Amino acid sequence: MKPQASILFDTPGPRTRLRNNVLTAVGAVLILGIAYFVWARFNEAGQFDPELWKPFLDPQVWQGMILPGLVGTLSAAALSIVLALVFAVVFGLGRLSDHWWLRWPSGMVVEFFRAIPVLLMIFFAQAGAFELFGYTMDAFYAVVIGLTLYNGSVLAEVFKAGVLAVPKGQSEAAYALGLRKSGVLRLILLPQATTAMMPALVSQMVIALKDSALGYIIAYEDLLNTGFRQLPASFHNLVPAAIVISLIYILLNLGLGYVATVLERRSRRSRKSSARPVTLATVGGGSGRGE
Amino acid sequence: METLIANLPEVFAGFWATIRLTVMSAVCSLLLGLLLAAMRVAPTPVLRGVATFYVTTLRNTPLTMVLLFCSLGISNVLHLNFSENPQMNGYWFAVLGLSAYTSAFVCEAIRSGINTVPLGQAEAARAIGLTFTASLRLIILPQALRTVVGPLGSVLVALTKNTTVVIVAGYAEAAFIMNELIYEGSGTVGIFLGFALGFVILTLPTGFFFTWLAKRMAVSR
(Lines of atoms letter the chains of each structure in order from A and count residues from 1; the text may use other names and numbers.)
(Lines give C-alpha, C1' and ligand atoms only; values in the text may rest on other atoms or scores of the structure.)
Protein backbone atom coordinates (compact mmCIF):
# COMPACT_ATOMS: atom_id res chain seq x y z
CA MET A 1 0.00 0.00 0.00
CA LYS A 2 1.27 3.45 -0.84
CA PRO A 3 1.89 5.54 2.27
CA GLN A 4 -0.91 8.05 2.63
CA ALA A 5 -2.74 9.92 5.33
CA SER A 6 -5.21 7.78 7.27
CA ILE A 7 -7.35 8.55 10.26
CA LEU A 8 -4.50 7.71 12.61
CA PHE A 9 -1.37 8.52 10.68
CA ASP A 10 -0.35 11.48 8.60
CA THR A 11 1.57 10.93 5.38
CA PRO A 12 4.93 9.68 6.68
CA GLY A 13 8.02 11.80 6.28
CA PRO A 14 11.55 10.37 5.92
CA ARG A 15 12.06 9.87 9.66
CA THR A 16 8.70 8.17 10.15
CA ARG A 17 9.35 5.94 7.18
CA LEU A 18 12.63 4.83 8.70
CA ARG A 19 10.91 4.17 12.04
CA ASN A 20 8.16 2.22 10.28
CA ASN A 21 10.71 0.10 8.48
CA VAL A 22 12.45 -0.72 11.76
CA LEU A 23 9.07 -1.59 13.29
CA THR A 24 8.28 -3.81 10.32
CA ALA A 25 11.56 -5.66 10.72
CA VAL A 26 11.10 -6.15 14.47
CA GLY A 27 7.50 -7.25 13.98
CA ALA A 28 8.46 -9.67 11.24
CA VAL A 29 11.18 -11.25 13.39
CA LEU A 30 8.81 -11.60 16.36
CA ILE A 31 6.07 -13.16 14.26
CA LEU A 32 8.43 -15.50 12.44
CA GLY A 33 9.71 -16.55 15.86
CA ILE A 34 6.23 -17.39 17.08
CA ALA A 35 5.39 -19.17 13.83
CA TYR A 36 8.60 -21.18 14.04
CA PHE A 37 7.88 -22.14 17.66
CA VAL A 38 4.38 -23.40 16.76
CA TRP A 39 5.67 -25.22 13.69
CA ALA A 40 8.53 -26.79 15.62
CA ARG A 41 6.28 -28.09 18.38
CA PHE A 42 3.89 -29.74 15.94
CA ASN A 43 6.80 -31.00 13.88
CA GLU A 44 8.31 -32.60 16.97
CA ALA A 45 5.01 -34.36 17.53
CA GLY A 46 5.37 -35.65 13.96
CA GLN A 47 2.30 -33.78 12.71
CA PHE A 48 3.94 -32.50 9.54
CA ASP A 49 5.05 -35.90 8.32
CA PRO A 50 4.37 -36.10 4.55
CA GLU A 51 2.58 -39.43 5.16
CA LEU A 52 -0.14 -37.60 7.06
CA TRP A 53 -1.06 -35.45 4.08
CA LYS A 54 -1.50 -38.44 1.77
CA PRO A 55 -5.11 -39.14 2.80
CA PHE A 56 -6.08 -35.76 1.34
CA LEU A 57 -4.85 -36.88 -2.07
CA ASP A 58 -6.95 -40.03 -1.90
CA PRO A 59 -10.29 -39.61 -3.71
CA GLN A 60 -11.83 -42.26 -1.46
CA VAL A 61 -11.20 -40.15 1.62
CA TRP A 62 -13.00 -37.27 -0.06
CA GLN A 63 -15.86 -39.44 -1.28
CA GLY A 64 -16.21 -41.41 1.92
CA MET A 65 -15.61 -38.77 4.57
CA ILE A 66 -15.12 -35.14 3.66
CA LEU A 67 -17.79 -34.71 1.00
CA PRO A 68 -20.59 -36.51 2.91
CA GLY A 69 -19.70 -34.33 5.90
CA LEU A 70 -19.80 -31.24 3.76
CA VAL A 71 -23.20 -32.26 2.44
CA GLY A 72 -24.36 -32.75 6.03
CA THR A 73 -23.16 -29.29 7.02
CA LEU A 74 -24.58 -27.57 3.95
CA SER A 75 -27.95 -29.30 4.09
CA ALA A 76 -28.46 -28.54 7.78
CA ALA A 77 -27.46 -24.90 7.26
CA ALA A 78 -29.52 -24.46 4.10
CA LEU A 79 -32.70 -26.04 5.45
CA SER A 80 -32.49 -24.08 8.68
CA ILE A 81 -31.99 -20.78 6.84
CA VAL A 82 -35.08 -21.44 4.70
CA LEU A 83 -37.15 -22.36 7.75
CA ALA A 84 -35.67 -19.43 9.67
CA LEU A 85 -36.90 -17.09 6.93
CA VAL A 86 -40.45 -18.38 7.38
CA PHE A 87 -40.10 -17.99 11.15
CA ALA A 88 -38.70 -14.50 10.63
CA VAL A 89 -41.55 -13.35 8.41
CA VAL A 90 -44.18 -14.65 10.84
CA PHE A 91 -42.64 -13.18 13.98
CA GLY A 92 -41.26 -10.07 12.28
CA LEU A 93 -44.75 -9.23 11.06
CA GLY A 94 -46.08 -10.11 14.50
CA ARG A 95 -43.73 -7.58 16.08
CA LEU A 96 -44.89 -4.91 13.64
CA SER A 97 -48.57 -5.64 14.24
CA ASP A 98 -50.93 -2.93 15.46
CA HIS A 99 -52.47 -5.37 17.94
CA TRP A 100 -50.73 -5.72 21.26
CA TRP A 101 -51.83 -9.35 21.63
CA LEU A 102 -49.80 -10.18 18.55
CA ARG A 103 -46.93 -7.81 19.18
CA TRP A 104 -46.11 -8.82 22.73
CA PRO A 105 -45.98 -12.59 22.35
CA SER A 106 -43.97 -12.27 19.13
CA GLY A 107 -41.56 -9.94 20.88
CA MET A 108 -41.18 -12.35 23.77
CA VAL A 109 -40.55 -15.35 21.51
CA VAL A 110 -37.93 -13.46 19.51
CA GLU A 111 -36.15 -12.09 22.57
CA PHE A 112 -36.22 -15.49 24.28
CA PHE A 113 -34.63 -17.41 21.43
CA ARG A 114 -32.03 -14.71 20.91
CA ALA A 115 -31.07 -14.77 24.55
CA ILE A 116 -30.38 -18.50 24.99
CA PRO A 117 -27.54 -20.55 23.50
CA VAL A 118 -28.27 -22.60 20.39
CA LEU A 119 -26.78 -25.67 22.05
CA LEU A 120 -29.48 -25.63 24.73
CA MET A 121 -32.17 -25.67 22.05
CA ILE A 122 -30.46 -28.53 20.23
CA PHE A 123 -30.25 -30.60 23.43
CA PHE A 124 -33.84 -29.84 24.26
CA ALA A 125 -35.13 -30.61 20.77
CA GLN A 126 -33.67 -34.08 20.93
CA ALA A 127 -34.45 -34.93 24.54
CA GLY A 128 -37.83 -33.22 24.56
CA ALA A 129 -39.03 -35.02 21.43
CA PHE A 130 -38.19 -38.32 23.07
CA GLU A 131 -39.75 -37.60 26.42
CA LEU A 132 -42.89 -35.84 25.21
CA PHE A 133 -43.67 -37.86 22.10
CA GLY A 134 -41.52 -40.95 22.50
CA TYR A 135 -39.89 -40.03 19.20
CA THR A 136 -36.19 -40.62 18.72
CA MET A 137 -35.21 -37.53 16.83
CA ASP A 138 -32.54 -37.70 14.19
CA ALA A 139 -29.58 -35.48 15.07
CA PHE A 140 -30.13 -33.66 11.76
CA TYR A 141 -33.57 -32.40 12.81
CA ALA A 142 -32.36 -31.41 16.26
CA VAL A 143 -29.63 -29.27 14.66
CA VAL A 144 -32.10 -27.79 12.17
CA ILE A 145 -34.61 -26.93 14.92
CA GLY A 146 -31.96 -25.24 17.06
CA LEU A 147 -30.54 -23.25 14.14
CA THR A 148 -34.00 -22.32 12.85
CA LEU A 149 -35.20 -20.92 16.17
CA TYR A 150 -32.05 -18.87 16.76
CA ASN A 151 -31.45 -17.61 13.22
CA GLY A 152 -35.18 -17.09 12.76
CA SER A 153 -35.28 -14.77 15.77
CA VAL A 154 -32.31 -12.77 14.54
CA LEU A 155 -33.80 -12.58 11.04
CA ALA A 156 -37.14 -11.49 12.52
CA GLU A 157 -35.31 -8.46 13.89
CA VAL A 158 -33.63 -7.94 10.52
CA PHE A 159 -37.00 -8.21 8.80
CA LYS A 160 -38.55 -5.70 11.21
CA ALA A 161 -35.63 -3.33 10.64
CA GLY A 162 -36.04 -3.80 6.89
CA VAL A 163 -39.71 -2.82 6.98
CA LEU A 164 -38.97 0.12 9.27
CA ALA A 165 -36.17 1.23 6.93
CA VAL A 166 -38.66 1.92 4.16
CA PRO A 167 -39.30 5.69 4.29
CA LYS A 168 -42.64 6.67 5.78
CA GLY A 169 -43.66 8.55 2.65
CA GLN A 170 -43.89 5.22 0.80
CA SER A 171 -46.65 3.80 2.97
CA GLU A 172 -48.35 7.18 3.30
CA ALA A 173 -48.47 7.48 -0.47
CA ALA A 174 -49.85 3.95 -0.71
CA TYR A 175 -52.56 4.69 1.85
CA ALA A 176 -53.37 7.89 -0.06
CA LEU A 177 -53.88 5.79 -3.20
CA GLY A 178 -56.50 3.86 -1.29
CA LEU A 179 -54.58 0.65 -0.50
CA ARG A 180 -55.48 -1.18 2.69
CA LYS A 181 -53.07 -2.23 5.42
CA SER A 182 -52.55 -5.65 3.85
CA GLY A 183 -52.05 -4.11 0.41
CA VAL A 184 -49.51 -1.60 1.67
CA LEU A 185 -47.60 -4.37 3.38
CA ARG A 186 -47.75 -6.80 0.48
CA LEU A 187 -47.18 -4.42 -2.43
CA ILE A 188 -45.10 -1.60 -0.99
CA LEU A 189 -43.29 -2.56 2.20
CA LEU A 190 -42.41 -6.24 1.73
CA PRO A 191 -40.71 -6.00 -1.69
CA GLN A 192 -38.56 -3.10 -0.56
CA ALA A 193 -37.80 -4.63 2.83
CA THR A 194 -36.73 -7.89 1.18
CA THR A 195 -34.20 -6.08 -1.00
CA ALA A 196 -32.93 -4.15 2.01
CA MET A 197 -32.47 -7.25 4.17
CA MET A 198 -30.58 -9.35 1.62
CA PRO A 199 -27.06 -8.45 2.90
CA ALA A 200 -28.02 -9.29 6.47
CA LEU A 201 -29.60 -12.54 5.33
CA VAL A 202 -26.42 -13.66 3.60
CA SER A 203 -24.31 -12.69 6.62
CA GLN A 204 -26.66 -14.73 8.78
CA MET A 205 -26.00 -17.70 6.48
CA VAL A 206 -22.35 -17.55 7.55
CA ILE A 207 -23.45 -17.80 11.17
CA ALA A 208 -25.81 -20.70 10.42
CA LEU A 209 -23.04 -22.51 8.56
CA LYS A 210 -20.63 -22.08 11.47
CA ASP A 211 -23.24 -22.98 14.07
CA SER A 212 -24.12 -26.19 12.22
CA ALA A 213 -20.80 -27.45 13.60
CA LEU A 214 -22.59 -27.67 16.97
CA GLY A 215 -24.10 -30.84 15.52
CA TYR A 216 -20.73 -32.46 16.29
CA ILE A 217 -21.70 -32.41 19.96
CA ILE A 218 -24.79 -34.56 19.38
CA ALA A 219 -22.88 -36.77 16.91
CA TYR A 220 -24.45 -35.35 13.76
CA GLU A 221 -22.36 -36.31 10.72
CA ASP A 222 -21.28 -32.87 9.58
CA LEU A 223 -17.99 -31.70 8.12
CA LEU A 224 -16.45 -31.26 11.57
CA ASN A 225 -17.47 -34.75 12.61
CA THR A 226 -16.29 -36.61 9.51
CA GLY A 227 -13.25 -34.44 8.87
CA PHE A 228 -12.04 -33.77 12.40
CA ARG A 229 -13.12 -36.86 14.33
CA GLN A 230 -13.38 -39.79 11.93
CA LEU A 231 -10.54 -38.79 9.63
CA PRO A 232 -7.86 -38.18 12.28
CA ALA A 233 -9.07 -41.29 14.11
CA SER A 234 -8.09 -43.46 11.16
CA PHE A 235 -5.00 -41.58 9.94
CA HIS A 236 -3.65 -39.90 13.11
CA ASN A 237 -3.25 -36.63 11.25
CA LEU A 238 -4.99 -34.16 13.52
CA VAL A 239 -3.11 -31.03 12.50
CA PRO A 240 -3.30 -31.59 8.71
CA ALA A 241 -6.99 -32.42 9.13
CA ALA A 242 -7.51 -29.22 11.14
CA ILE A 243 -5.83 -27.19 8.41
CA VAL A 244 -7.82 -28.74 5.56
CA ILE A 245 -11.19 -28.70 7.32
CA SER A 246 -10.87 -25.14 8.60
CA LEU A 247 -9.76 -24.08 5.11
CA ILE A 248 -13.00 -25.49 3.69
CA TYR A 249 -15.06 -23.62 6.30
CA ILE A 250 -13.10 -20.41 5.74
CA LEU A 251 -13.44 -20.53 1.95
CA LEU A 252 -17.19 -21.21 2.18
CA ASN A 253 -17.70 -18.36 4.62
CA LEU A 254 -15.48 -15.93 2.74
CA GLY A 255 -17.48 -16.72 -0.39
CA LEU A 256 -20.73 -15.97 1.41
CA GLY A 257 -19.24 -12.85 2.97
CA TYR A 258 -18.21 -11.66 -0.47
CA VAL A 259 -21.74 -12.21 -1.77
CA ALA A 260 -23.07 -10.17 1.19
CA THR A 261 -20.79 -7.22 0.38
CA VAL A 262 -21.70 -7.33 -3.30
CA LEU A 263 -25.41 -7.45 -2.44
CA GLU A 264 -25.04 -4.56 -0.02
CA ARG A 265 -23.26 -2.45 -2.60
CA ARG A 266 -25.83 -3.34 -5.22
CA SER A 267 -28.84 -2.60 -3.07
CA ARG A 268 -27.26 0.68 -1.98
CA ARG A 269 -27.16 1.67 -5.65
CA SER A 270 -30.38 -0.04 -6.63
CA ARG A 271 -33.55 1.91 -7.22
CA LYS A 272 -35.72 -1.13 -6.50
CA SER A 273 -35.85 -0.20 -2.87
CA SER A 274 -35.99 3.18 -1.20
CA ALA A 275 -34.85 1.58 2.06
CA ARG A 276 -31.23 1.59 3.11
CA PRO A 277 -29.75 -1.91 3.27
CA VAL A 278 -29.98 -3.58 6.68
CA THR A 279 -26.82 -5.21 8.01
CA LEU A 280 -26.50 -7.37 11.07
CA ALA A 281 -24.72 -4.53 12.83
CA THR A 282 -27.81 -2.35 12.32
CA VAL A 283 -29.90 -4.80 14.26
CA GLY A 284 -27.44 -4.80 17.15
CA GLY A 285 -28.54 -6.42 20.39
CA GLY A 286 -27.29 -9.94 20.85
CA SER A 287 -27.14 -10.71 17.17
CA GLY A 288 -24.56 -11.16 14.51
CA ARG A 289 -21.37 -9.91 16.03
CA GLY A 290 -19.31 -12.49 17.82
CA GLU A 291 -21.30 -15.55 16.90
CA MET B 1 -39.16 -29.30 37.73
CA GLU B 2 -38.42 -31.75 40.59
CA THR B 3 -35.15 -32.81 38.98
CA LEU B 4 -34.14 -29.18 38.76
CA ILE B 5 -34.96 -28.45 42.39
CA ALA B 6 -33.36 -31.66 43.63
CA ASN B 7 -30.13 -30.72 41.85
CA LEU B 8 -30.18 -27.03 42.63
CA PRO B 9 -26.60 -26.86 43.98
CA GLU B 10 -25.32 -28.50 40.79
CA VAL B 11 -27.30 -26.09 38.62
CA PHE B 12 -25.87 -23.10 40.45
CA ALA B 13 -22.38 -24.57 40.24
CA GLY B 14 -22.90 -24.88 36.47
CA PHE B 15 -23.94 -21.27 36.10
CA TRP B 16 -21.14 -20.12 38.37
CA ALA B 17 -18.72 -21.90 36.03
CA THR B 18 -20.39 -20.17 33.07
CA ILE B 19 -19.97 -16.78 34.72
CA ARG B 20 -16.33 -17.42 35.60
CA LEU B 21 -15.60 -18.57 32.05
CA THR B 22 -17.37 -15.54 30.59
CA VAL B 23 -15.57 -13.00 32.77
CA MET B 24 -12.12 -14.51 32.34
CA SER B 25 -12.52 -14.95 28.57
CA ALA B 26 -13.96 -11.45 28.26
CA VAL B 27 -10.91 -9.95 29.95
CA CYS B 28 -8.46 -12.05 27.91
CA SER B 29 -10.21 -11.44 24.60
CA LEU B 30 -10.44 -7.71 25.29
CA LEU B 31 -6.67 -7.55 25.82
CA LEU B 32 -5.88 -9.73 22.82
CA GLY B 33 -8.49 -7.90 20.73
CA LEU B 34 -6.96 -4.53 21.59
CA LEU B 35 -3.53 -5.80 20.57
CA LEU B 36 -4.94 -7.17 17.31
CA ALA B 37 -6.80 -3.94 16.59
CA ALA B 38 -3.62 -1.95 17.18
CA MET B 39 -1.84 -4.28 14.75
CA ARG B 40 -4.60 -3.94 12.16
CA VAL B 41 -4.32 -0.16 12.08
CA ALA B 42 -0.52 -0.10 12.41
CA PRO B 43 1.50 1.62 9.69
CA THR B 44 3.55 -1.54 9.10
CA PRO B 45 2.20 -3.91 6.47
CA VAL B 46 3.60 -7.03 8.17
CA LEU B 47 1.70 -6.46 11.42
CA ARG B 48 -1.44 -5.52 9.49
CA GLY B 49 -1.20 -8.64 7.36
CA VAL B 50 -0.70 -10.97 10.30
CA ALA B 51 -3.61 -9.47 12.25
CA THR B 52 -5.85 -9.65 9.19
CA PHE B 53 -4.90 -13.28 8.67
CA TYR B 54 -5.66 -14.11 12.30
CA VAL B 55 -9.01 -12.34 12.29
CA THR B 56 -10.12 -13.86 8.98
CA THR B 57 -9.16 -17.35 10.11
CA LEU B 58 -10.76 -17.25 13.53
CA ARG B 59 -13.91 -15.43 12.44
CA ASN B 60 -14.69 -17.97 9.76
CA THR B 61 -13.91 -21.13 11.70
CA PRO B 62 -16.65 -22.65 13.86
CA LEU B 63 -16.07 -22.14 17.58
CA THR B 64 -16.64 -25.86 18.11
CA MET B 65 -13.59 -26.51 15.97
CA VAL B 66 -11.43 -23.92 17.75
CA LEU B 67 -12.23 -25.44 21.14
CA LEU B 68 -11.75 -28.99 19.86
CA PHE B 69 -8.39 -28.03 18.45
CA CYS B 70 -7.37 -26.66 21.84
CA SER B 71 -8.24 -29.84 23.66
CA LEU B 72 -7.25 -32.37 20.98
CA GLY B 73 -4.41 -30.57 19.25
CA ILE B 74 -2.65 -28.72 22.02
CA SER B 75 -3.44 -30.98 24.94
CA ASN B 76 -3.46 -34.46 23.40
CA VAL B 77 -0.97 -34.11 20.53
CA LEU B 78 1.49 -31.60 21.94
CA HIS B 79 1.02 -32.58 25.59
CA LEU B 80 1.14 -28.90 26.48
CA ASN B 81 -1.02 -28.48 29.53
CA PHE B 82 -1.81 -25.67 31.90
CA SER B 83 -2.14 -27.71 35.03
CA GLU B 84 -2.01 -31.22 36.46
CA ASN B 85 -5.54 -30.88 37.75
CA PRO B 86 -7.87 -31.91 34.88
CA GLN B 87 -10.59 -29.53 36.05
CA MET B 88 -8.27 -26.50 36.02
CA ASN B 89 -6.70 -27.67 32.77
CA GLY B 90 -10.10 -27.88 31.10
CA TYR B 91 -10.95 -24.44 32.39
CA TRP B 92 -7.84 -22.80 30.96
CA PHE B 93 -8.18 -24.55 27.61
CA ALA B 94 -11.77 -23.33 27.47
CA VAL B 95 -10.61 -19.78 28.25
CA LEU B 96 -7.87 -20.08 25.63
CA GLY B 97 -10.26 -21.23 22.89
CA LEU B 98 -13.00 -18.74 23.76
CA SER B 99 -10.61 -15.79 23.94
CA ALA B 100 -8.80 -16.77 20.74
CA TYR B 101 -12.16 -16.84 18.96
CA THR B 102 -13.78 -13.82 20.61
CA SER B 103 -10.73 -11.57 20.28
CA ALA B 104 -11.19 -11.63 16.48
CA PHE B 105 -14.65 -10.11 16.94
CA VAL B 106 -13.41 -7.63 19.55
CA CYS B 107 -10.70 -6.54 17.10
CA GLU B 108 -13.25 -5.98 14.34
CA ALA B 109 -15.52 -4.00 16.68
CA ILE B 110 -12.67 -1.71 17.75
CA ARG B 111 -11.34 -1.29 14.24
CA SER B 112 -14.74 -0.35 12.86
CA GLY B 113 -15.08 2.09 15.76
CA ILE B 114 -11.86 3.82 14.72
CA ASN B 115 -13.04 3.87 11.13
CA THR B 116 -16.27 5.70 12.03
CA VAL B 117 -14.29 8.77 13.10
CA PRO B 118 -14.35 11.09 10.07
CA LEU B 119 -10.96 11.77 8.48
CA GLY B 120 -11.59 15.53 8.82
CA GLN B 121 -11.39 15.21 12.60
CA ALA B 122 -7.86 13.83 12.42
CA GLU B 123 -6.84 16.36 9.78
CA ALA B 124 -8.17 19.21 11.91
CA ALA B 125 -6.28 17.83 14.92
CA ARG B 126 -3.05 17.74 12.93
CA ALA B 127 -3.72 21.18 11.50
CA ILE B 128 -3.91 22.78 14.94
CA GLY B 129 -0.58 21.17 15.75
CA LEU B 130 -1.54 18.22 17.93
CA THR B 131 1.02 15.44 18.00
CA PHE B 132 0.16 11.83 17.21
CA THR B 133 -0.43 10.84 20.84
CA ALA B 134 -2.35 14.02 21.59
CA SER B 135 -4.68 13.63 18.63
CA LEU B 136 -5.18 9.98 19.51
CA ARG B 137 -5.91 10.78 23.15
CA LEU B 138 -7.99 13.92 22.72
CA ILE B 139 -9.74 13.54 19.38
CA ILE B 140 -9.84 10.03 17.98
CA LEU B 141 -10.09 7.59 20.89
CA PRO B 142 -12.84 9.49 22.77
CA GLN B 143 -15.02 9.28 19.67
CA ALA B 144 -13.99 5.77 18.66
CA LEU B 145 -14.46 4.22 22.12
CA ARG B 146 -18.00 5.58 22.37
CA THR B 147 -19.05 3.93 19.10
CA VAL B 148 -17.43 0.69 20.17
CA VAL B 149 -19.57 0.28 23.31
CA GLY B 150 -22.63 -1.12 21.51
CA PRO B 151 -20.83 -3.71 19.36
CA LEU B 152 -18.64 -4.79 22.30
CA GLY B 153 -21.82 -5.39 24.33
CA SER B 154 -23.10 -7.67 21.56
CA VAL B 155 -19.80 -9.52 21.60
CA LEU B 156 -20.06 -10.01 25.37
CA VAL B 157 -23.62 -11.39 25.08
CA ALA B 158 -22.50 -13.74 22.31
CA LEU B 159 -19.53 -14.83 24.44
CA THR B 160 -21.84 -15.66 27.35
CA LYS B 161 -23.90 -17.91 25.09
CA ASN B 162 -20.80 -19.34 23.42
CA THR B 163 -19.44 -20.65 26.73
CA THR B 164 -21.86 -23.56 26.30
CA VAL B 165 -19.74 -24.90 23.42
CA VAL B 166 -16.96 -25.52 25.95
CA ILE B 167 -18.70 -28.87 26.48
CA VAL B 168 -16.37 -30.26 23.76
CA ALA B 169 -13.33 -29.37 25.86
CA GLY B 170 -14.86 -31.34 28.71
CA TYR B 171 -15.35 -28.51 31.17
CA ALA B 172 -18.53 -28.67 33.25
CA GLU B 173 -20.54 -25.47 32.82
CA ALA B 174 -24.29 -24.90 32.58
CA ALA B 175 -24.95 -26.75 29.29
CA PHE B 176 -22.92 -29.74 30.50
CA ILE B 177 -24.97 -29.94 33.72
CA MET B 178 -28.21 -29.57 31.75
CA ASN B 179 -27.22 -32.42 29.46
CA GLU B 180 -26.40 -34.59 32.46
CA LEU B 181 -29.67 -33.84 34.22
CA ILE B 182 -31.64 -34.58 31.04
CA TYR B 183 -30.03 -38.00 30.75
CA GLU B 184 -30.37 -38.77 34.44
CA GLY B 185 -34.04 -38.23 34.90
CA SER B 186 -37.29 -36.99 33.51
CA GLY B 187 -38.83 -33.54 33.37
CA THR B 188 -36.91 -32.38 30.31
CA VAL B 189 -39.20 -29.40 29.76
CA GLY B 190 -38.70 -28.09 33.26
CA ILE B 191 -34.94 -28.55 33.09
CA PHE B 192 -34.74 -26.75 29.76
CA LEU B 193 -36.90 -23.85 30.93
CA GLY B 194 -34.84 -23.53 34.11
CA PHE B 195 -31.54 -23.37 32.24
CA ALA B 196 -32.99 -21.11 29.56
CA LEU B 197 -34.18 -18.76 32.30
CA GLY B 198 -30.66 -18.75 33.73
CA PHE B 199 -29.23 -17.63 30.38
CA VAL B 200 -31.99 -15.06 29.90
CA ILE B 201 -31.07 -13.60 33.31
CA LEU B 202 -27.41 -13.50 32.28
CA THR B 203 -27.74 -12.14 28.75
CA LEU B 204 -30.82 -9.87 28.61
CA PRO B 205 -29.71 -7.36 31.28
CA THR B 206 -26.22 -7.28 29.74
CA GLY B 207 -27.74 -6.54 26.36
CA PHE B 208 -30.08 -3.86 27.73
CA PHE B 209 -27.27 -2.25 29.74
CA PHE B 210 -24.97 -1.96 26.75
CA THR B 211 -27.75 -0.66 24.49
CA TRP B 212 -28.51 2.00 27.11
CA LEU B 213 -24.83 2.84 27.54
CA ALA B 214 -24.25 3.03 23.79
CA LYS B 215 -27.22 5.40 23.38
CA ARG B 216 -26.04 7.53 26.28
CA MET B 217 -22.50 7.76 24.96
CA ALA B 218 -23.38 8.14 21.29
CA VAL B 219 -21.55 10.89 19.46
CA SER B 220 -23.93 13.11 17.51
CA ARG B 221 -22.61 13.65 14.03
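Yeah, the Cβs are placed from backbone N, Cα and C, and that goes for glycine too.
Pulled from TrEMBL:
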type: DOMAIN; residues: A:70-260; note: domain 'ABC transmembrane type-1'
type: TRANSMEM; residues: A:21-42; note: transmembrane segment
type: TRANSMEM; residues: A:62-91; note: transmembrane segment
type: TRANSMEM; residues: A:112-133; note: transmembrane segment
type: TRANSMEM; residues: A:139-166; note: transmembrane segment
type: TRANSMEM; residues: A:187-207; note: transmembrane segment
type: TRANSMEM; residues: A:238-263; note: transmembrane segment
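Against the transmembrane segment (A:112-133), the recorded stretches A:21-42, A:62-91, A:139-166, A:187-207, A:238-263 differ in Cβ pairs under 8 Å, and the greatest number is found for A:139-166. The listed stretches are A:21-42, A:62-91, A:139-166, A:238-263; of these, A:139-166 has the most Cβ pairs under 8 Å to the transmembrane segment (A:187-207). Using a Cβ-Cβ cut-off under 8 Å and counting only residues 6 or more beyond its ends in the same chain, the transmembrane segment (A:62-91) has close neighbours at 56, 106, 109-110, 140, 143-144, 147-149, 151-156, 158-159, 201, 204-205, 208-209, 212-213, 215, 220-227, 230-231, 244-245, 248.
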